[in-house]
Amino acid sequence: MALSWALAALSLLPLLDAQSPGCANLTARPITNATLEQISGKWFYIGLASRDPEFNRSARTIHAAFFYFDVNHTDDTILLREYLTIGNQCVYNSSFLNVQRENGTVSRYEFGKENFGILLLTKDPELFMLGFKLKDEQHKGLSLYTRKPEVTQEQMTVFHEALACVDLHKSEIAYTDEKKDLCGPVEKRHKEERLKEQEADTALG
């Protein structure tokens with residue numbers, strides 16, 4: 001089963017038309033180089049509200065999660081490096097996402113098919129969301145990602161209002177807990193390994 005933010009069978013439709021003041025803060029727009037720069041770097045997976053039973057069960061096994069987006073403007077790809085605490089262990093995965101600029105979508109291949117998702121940005125550059133089958137009452141969902149593990153009240157309000165826009169309730173959210181993170185040592189080791197590789201490349205150069 002796909003992990004935390006996996007783009008499993010996501011809708012290509014934009015968010016529903018504004019139903020509350022918070023809906024006006026959401027945008028589903030073409031992806032530009034500026035957009036890619038905005039989402040590059042480290043993010044924390046905060047939570048997901050989903051009606052899809054299987055996807056919901058999978059999300060609830062994740063105690064904490066963070067990931068890196070390394071964007072490539074030339075070939076419109078994003079290297080995803082994700083660190084997930086599941087049970088009492090850290091699970092590390094890496095994969096490539098494809099960027100469909102005009103549609104404002106990203107995708108990756110899983111289970112033998114390409115799954116798409118809409119990148120949902122707000123006025124706050126420190127967060128983004130992903131929508132899941134927003135027109136499907138039985139499977140729709142919405143997830144939240146922020147730059148820091150500590151979410152501000154304003155950011156949580158944005159998420160709650162977005163949920164209301166697609167007729168989901170905040171009581172349906174499965175939250176992560178950064179205090180349960182077990183991936184810090186793994187991340188540190190990876191950073192040290194990359195630094196050594198960079199130093200070796202510099203010496204050869």
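Note: Cβ is positioned from N, Cα and C throughout, glycine not excepted.
All TrEMBL annotations are machine predictions without curation.
According to TrEMBL, the feature signal peptide maps to 1-18.
Annotated pyrrolidone carboxylic acid per TrEMBL: Gln19, in sequence order.
Around the Cβ of Cys165 (disulfide bond), the number of neighbouring Cβ atoms within 10 Å comes to 22. The disulfide bond annotation in TrEMBL covers Cys23-Cys165 (among others).
Marked as domain 'Lipocalin/cytosolic fatty-acid binding' by TrEMBL: 40-179.
What TrEMBL lists as disulfide bond is Cys90-Cys183 (among others). Residue environment of Cys90 (disulfide bond) contains 18 other Cβ atoms, counted within 10 Å of its Cβ in all protein chains.
In terms of DSSP helix, strand and coil, the domain 'Lipocalin/cytosolic fatty-acid binding' (40-179) has 25 helix, 73 strand, 42 coil. Neighbour list (Cys183 (disulfide bond), Cβ cut-off 8 Å, at least 6 residues apart, same chain): Ala64, Phe66, Tyr83, Leu84, Thr85, Cys90, Tyr92. Per-residue confidence over the domain 'Lipocalin/cytosolic fatty-acid binding' (40-179) averages out at a pLDDT of 91.
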